[in-house]
Structure formats: structure tokens, C-alpha cells
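Q: Handing you a structure now.
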Amino acid sequence: MEAGHSTAEKTEFTECWKTTWRTPYIMRLALSAGIGGLLFGYDTGVISGALLYIRDDFQQVDKKTWLQETIVSMAVAGAIFGAAVGGWINDRFGRRKSILLADVVFFFGAIVMAIAPAPWVIIIGRILVGLGVGMASMTSPLYISEASPARIRGALVSTNGLLITGGQFLSYLINLAFTHVKGTWRWMLGVAGLPALVQFFLMMFLPESPRWLYRQNRKEEAREILAKIYPPHEVDVEIRALEESIEAEKADETVIGENIFAKVKGAFSNPVVRRGLYAGITVQVAQQFVGINTVMYYSPTIVQFAGFASNKTAIALSLITSGLNAVGSIVSMGFVDRFGRRRLMIISMFGIIFCLVILSAVFWQASIHSPNIGSLESLHFGSNSTCSAYTAAVDDASSWNCMSCLQAKCAFCADGESEYRPGACLVSSKEVGRMCRGESRTWFVNGCPSRFGFLAVVFLGLYIIFYSPGMGTAPWIVNSEIYPLRYRGTGGGIAAVSNWCSNLIVSETFLTLTEALGSSGTFLLFAGFSLIGLIAIYFLVPETKGLQIEEVEKVLQEGYKPKFFRGKRKKSVKDIST
């Protein structure tokens, strides 16, 4: 909230544990609202495994890369609209009602996907769950932030990040559980409605944000809730801070107006809010352009790129990355308020860049050393089964390897004795695939046999270890803290839209990029984006650790500069934000 102690006695995590142990009501609020993060995480992770089986059921999906990308990214498109209207819904109807509405929309989207008779119905369901996720993605951390004491605000908002990664891990477990069940992907996508149902009933018995209630002149209700959150001697302090904030907000509204367009215009015309938006949008865009959701949405596919052909094996190995992501969120809860949001993000970006460069090198080596194509092997299954592009390449057929075969939209049937010996380049169809497997061979469609495959999994895991504690959770915390209270709904909505727009661009183009640049070139491209993001974070994003909302405004008043670029002067509030 607006007042209280600005620093914890030891670490924010320790203080959070002590406070919530004394006042479990605070954790009840945070965990119930944080289920919105679980929806976010489950939707992100579940489609990666479900897509493998959707491709098996619908041939047009298997043959068309753009259709696979559309099924994945339409949830993101829905989330953009959900986040865009979420700020207005939050301010007009309250945080609690926004979460309830998000749950209803998400639940019906999950049902539509589960019963979809055709790909276009799956896409409609994906748009609906995206709407719910978009609203929840900005409302959940906002609700938690406004219902948390300032001294443990960061740690509690991190519970939203923990539940996002927990949802991703849960989705991979669900995917693995349903791999041999009839209707595989329908169960995977339909189960997504259960967390939304649980949150709906939990939120029915929880109060509205005290800050929103006070804004609506429901002051006694706000006081009652604050009395459950704060010690008695701090309640009056919080009430006074709320009153000052609301008065300032109303004064601004008389100048800029109350409708959403006026608020957006007012946000960008206000120097403090504009600088806050520069920082908030920077961290949200950077979070996506490090390529995280290529790993989350397409993790099993990436594992198959690395040479693991089995759907079940790819999903099982993807559990490693999602599990590490969840562990990283726990680490973030312990350190984000001790070491600071800015420092964690910068360290995180250095590690991400390192891992992406190594992954690029690993996939490059894997493509160079992929097994050769044997002409006798290819003809073994009959001329009608041989890849036509390979047959037509009379002059350079001897130079073909597995990667050349896949780039020609064909498939590789490995040698029966060793996957690394020359194999067959065949037509990519279910019938030919059954012929290949019928001779106890392995059928490769997305990737080639590679001795470097285990390295790809190792560095994907290391990438997650660097990403999760920093860029995974800190951007959402920064955006719950960096805007003046009167612009928090608007600023959070703008930043969330920028996050989802970036997510859409990345998820909609990943498979196309891998076809055009190869896996190696795609990961190198993301390393370049990450470097740009690191530079932007260094110059634009201040530290908000331990600062009250008013102190954050002072940091942005004259424009933030990194410590290295400041002149010598007396220490002030801005120096806290190094």
C-alpha cells in the first residue's frame, strides 16, 4: 500500500513469512488472487504438449506451420484485448469483479477447446482463454499489491510469479498424464477450466481491494479490510495515505477526464508517469523478446529439434525446464526484495544472453553433424515413399543429410541399428511413418538424431535458471510499483498490452523463423534482442526496492540516470534506486 515501513528487518522474504504467519489473512488474499497467475502459466504450458497431438488428429495443422502458430498465438491475441480493457474494468468495477469475470471467460474457453470438432473451433477457444488470461495477468498482481503491506509487497507479488511457473509445471504433468488417454489433447486443454473454477469460488468470499473501495467512498469497508491486514497502530497511517492519494487522483481527473482515452493521454503527458511507462514497458517487452515463450509454448518441439523424436519423451524432458522455472520463482521470492528488482534483472539478462549464444552454437553443430541420407535406404521403402525433392536433387543428392531432408518438408527414417548412420529421406505422412516405425526405426519430423541433444536440454534448463528469478518475476513487480496510484490501473494496462503484443510477435513467428534461419539462427537472433533489452533496462529502469509510492515518484521526477552517469552530489532518494 502507500505507507508502512519501507525496509524489512532482515530480508523481505523472512519478513513476509513472519507477517503472514501472524496474519494468515494476507496470504489467503495473495494466493487466491495469484491463481490468476496459475491460469496464465497453465495456458502457456499446456498448448506446447497438446499441439503435438492436435497435429496428429488434424492433417491440415500438421502440414501448415502458420496454422500451428495461429493455434498457439491466438490466446496471446485475446490476451492483448483482455489486458487492454482490463485497466478500464479494474478502475470501473473493481479488482475483485475483474478477476471473477476473467475466470468465467477462461472457463468457457477451456470447454470450447475440449469439445472442438475442427481447428477453427480450437482457435475460438484459444481467443476466449486469452481474454481471461489477459485480464488476470494485470489484475492479480495489482490486487495483491494493493492488499499487501509495503514492507512485504514484493515478496507477495512474487507469489503470482510462483503460481505462473507452477501452472506451467502442472500443465506439463497433465500433458504427460494424458499422453496415452483417448482424446489426449482434449483432456489437456479442458482441465484448464478447473483452476478458473476454483479461483471463482475463492474470490466470491474475499473482499475488494481496500484502495479501490476508498476511491468509491466506501471508507468504512476499506478500513475494515485494512484492519485485517495491518497492526492496529498502522491502520490510521494507511488511511491518511490513501486519502492523500485519492485527493491527488481526483484533482488530476478534473484536468484530464475519467474515460480511458483521456487517462492514456494524461499518462503520456505527465513526465513522471511517462518515465514510469518507459521503464514498465521496457521490462515487459524485454521479458518476451528474450524468447521465453518460445521455450514455454514450443518446449517439446524444441526438444524434438534437439533430436528426441518421441512425443512422450519430448514432453517428459520439457518437465525439466518448467520445474526449474517454478524453483526460480521461489528463489525470486527470497531475493527480489533483498537484492532489488533492477539488479536481479540485469544479472538475469547476462545469463540469458550467454545461454542463448551457447544454444545457437549447439544447434549449429547438431545441424552440421546430422546423419547423411543413404540412397539405398531411401529406396528401401519404395519410390513412391521417397522424398521427391531428394529424388530430384540428382547432382547434389550425395551432400544431403537429415537436416537437408527436413528443410525440404520431408521426414528422416533412421537406420535400424544406429540413429547416427545414414538413413532414409521419405515423404512426411502418417502412412510412411508407420512403415518406418514398423521396422523398429525412429521417425524424425521436427529434428535430427544428434549427439548434441543432451547439451541443448542442459542449456535450456540453465536458460530457465537465469530467467526465472529475474526477468520471470521482476517485470511484474516493477509494474505494480512504479506508477503513481492514480495511474496504476492505466499504466499497468498499457504495460500488460505491450507484454502481450510482444508475446504475440514472438509466438506467431517462432516456427517460421526456425524454417528461415534454422534453430541456431533463431536463438542467436533472440540473443541479440536480449542484448538490446539489457542496455534498455540499464538506462531506463530505476530500483523500486523498499520505496514508497511517493518515493518512486521522486525518483522519476527529474528522470532516472544510472549511478555511473550521475554527477557527484549528495545522496538522495534517487541514489537508493541504483
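Backbone N, Cα and C atoms are what each Cβ position is placed from, and that goes for glycine too.
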Q: Given the ranges 66-86, 276-296, which one is assigned the annotation transmembrane segment in TrEMBL?
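A: It is 66-86 that TrEMBL annotates as transmembrane segment.
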Q: Kindly point out the range from 122-144, 398-420 that TrEMBL annotates with transmembrane segment.
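A: Checking TrEMBL against the ranges 122-144, 398-420, the transmembrane segment one is 122-144.
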Q: Could you tell me which of the ranges 314-336, 452-474 is annotated in TrEMBL as transmembrane segment?
A: 314-336
Q: Hey, would you say the transmembrane segment (156-178) packs against the transmembrane segment (98-116), going by three or more CB pairs under 8 A that are 6+ residues apart?
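A: The answer is no, given that the two segments have fewer than 3 Cβ pairs within the 8 Å cut-off.
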Q: Based on Cβ pairs under 8 Å, which of the stretches 29-54, 66-86, 122-144, 184-206, 314-336 lies most in contact with the transmembrane segment (98-116)?
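A: It is 122-144, which has the most Cβ pairs under 8 Å.
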Q: Ranking 66-86, 122-144, 184-206, 314-336 by Cβ pairs under 8 Å to the transmembrane segment (29-54), which is first?
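A: The listed stretch sharing the most Cβ pairs with the transmembrane segment (29-54) is 184-206.
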Q: Sequence-remote contacts (6 or more beyond its ends) of the transmembrane segment (314-336), Cβ cut-off under 8 Å?
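A: Tertiary neighbours of the transmembrane segment (314-336) are 11-13, 16, 45, 48-49, 52, 154-155, 158-159, 161-162, 164-166, 168-169, 171-173, 175-176, 179, 295-296, 299-301, 303-304, 308, 344, 457, 460-461, 463-465, 467-470, 472-474, 477, 545.
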Q: Averaging the per-residue pLDDT over the domain 'Major facilitator superfamily (MFS) profile' (29-545), what integer do you get?
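A: The predicted confidence over the domain 'Major facilitator superfamily (MFS) profile' (29-545), as a mean pLDDT, is 84.
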Q: Could you tell me what the rest of the chain brings near the transmembrane segment (184-206), counting residues at least six beyond its ends with Cβ under 8 Å?
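A: Non-local partners: 28-29, 32-33, 35-36, 38-39, 42-43, 46-47, 49-51, 53-54, 57, 96, 99-100, 102-104, 106-107, 109-111, 113-116, 122, 125, 129, 132, 167, 171, 174-175, 178.
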Q: At a C-beta cut-off of under 8 Å, are there same-chain residues at least 6 beyond the transmembrane segment (122-144) that contact it? List them, or none.
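A: Long-range Cβ neighbours of the transmembrane segment (122-144): 29-30, 33-37, 39-40, 43, 47, 54, 70-72, 74-87, 89-90, 95-96, 98-99, 101-114, 116, 156-157, 159-160, 189, 192, 196, 209, 476-477, 479-480, 488-489, 492-493, 495-496, 499-500.
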Q: In the same chain, which residue numbers or ranges, 6 or more beyond the ends of the transmembrane segment (523-541), come under 8 angstroms Cβ to Cβ?
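A: Long-range Cβ neighbours of the transmembrane segment (523-541): 278-279, 282-283, 285-286, 289-291, 294, 341-342, 345-346, 349-350, 352-353, 356-357, 359-360, 363, 478, 513, 517, 560, 562.
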